[in-house]
Amino acid sequence: MNLDLLTTLRQQNPIVLTLANDVTVQDVANGLNALGASPIMSAEVDEAEAMVTIAGAVCLNLGTLTKLQLAQMRAVGAAANQQHKPVIFDPVAVGAVPYRLQAAQTLLRAVHADIIRGNAGEIAALADWDWQAKGIDAGTGSGDLVAMAQACAQKYHCVVVLSGATDIVTDGQQVVRVHNGTELFQLHVGSGDLLSSLVAAFAAVQPQDLLAAAATAATVLAGTGELVAAQLTASRPGTFAMLLIDKLHLVTPAELSKIAVVD
Ligand SMILES: Nc1ncnc2c1ncn2[C@@H]1O[C@H](COP(=O)(O)OP(=O)(O)O)[C@@H](O)[C@H]1O
Ligand SMILES: Cc1ncsc1CCOP(=O)(O)O
Ligand SMILES: [Mg+2]
């Protein structure tokens, strides 16, 4: 974890290509933009290679998949692998819908994901661990979440970010835990999608150390949310979402390092 990367990100303003879902696309674009990255979204297979060429990293979000979008993900993923641009994969709801799990597994055979970011239900499904996911949410289960994240990272030879009350970031061996956050994230649909695209933004500026990039992204989002929640006098998810965008724009590495609980 290296909060100075936030300054680097703002200086470099990396282009992040997100193949987004239809539900949270605007939150993701605004969150990236507010923090200091340059978002671009695309839905056209034929522009895949050109899009990857201008991007610093790509994020493939399975949230509202279609056969056409899966083909686009393969094209964008393959171009990113070829151009050595980091690929971040968000396997939305693969723990709850077998069709999605199969689609994700097929995609991951064709494209190397450098980082997979999901909640416990999604990472469990990819790692083939017993768990009861619920729709887009983590659901319930028992077991060692760190071992589960490590198993997923080893299986797919990548960095895994298993998000939740504690974000677990691992390359299969090393583990970083980010203990910051607020339960308000769970009341705003799209928090995970934003995290995945912010992971891509930090990967674009730190491609040589993806574990550090992912841990920094997790700390920045969870820490910023925590700072916002501390200002609210009641549980207000709508206000939280609005203030989160403002704070992503204003937050400093110094502010975050004061509250970061990372081990
Ligand atoms: N119970 C919680 N307490 C604090 N922060 C949380 C909690 N659950 C999720 N978060 C934060 O919410 C963000 C999105 O993660 P998560 O909710 O797991 O993703 P998804 O929306 O894909 O399920 C992360 O920054 C994570 O740290
Ligand atoms: C509600 C919904 N349905 C399909 S994708 C999506 C958004 C998922 O957002 P997140 O995983 O960030 O909570
Ligand atoms: Mg999600």
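Cβ from N, Cα, C; glycine included.
Note that this is a predicted model, so its numbers are computed, not measured.
Per TrEMBL, substrate binding site is recorded for Met41, Gly190. Annotation for Gly190 (substrate binding site): spatial neighbours Val23, Thr24, Asp27, Val28, criterion Cβ-Cβ under 8 Å with sequence separation of six or more.
With a cut-off of 8 Å between CB atoms and residues at least 6 apart in sequence, the same chain places Ile88, Phe89, Asp90, Val160, Val161, Ser163, Gly192, Leu195, Ser196, Val199, Ala214 near Arg117 (ATP binding site), listed in sequence order. As annotated by TrEMBL, ATP binding site applies to Arg117, Ser163.
Taking a C-beta cut-off of under 8 Å and a sequence gap of six or more, Met41 (substrate binding site) has these contacts in its own chain: Leu17, Thr18, Leu19, Ala20, Val25, Ala29. Here the Cβ of Ser163 (ATP binding site) has 26 other Cβ atoms within 10 Å, regardless of which shown protein chain they belong to.
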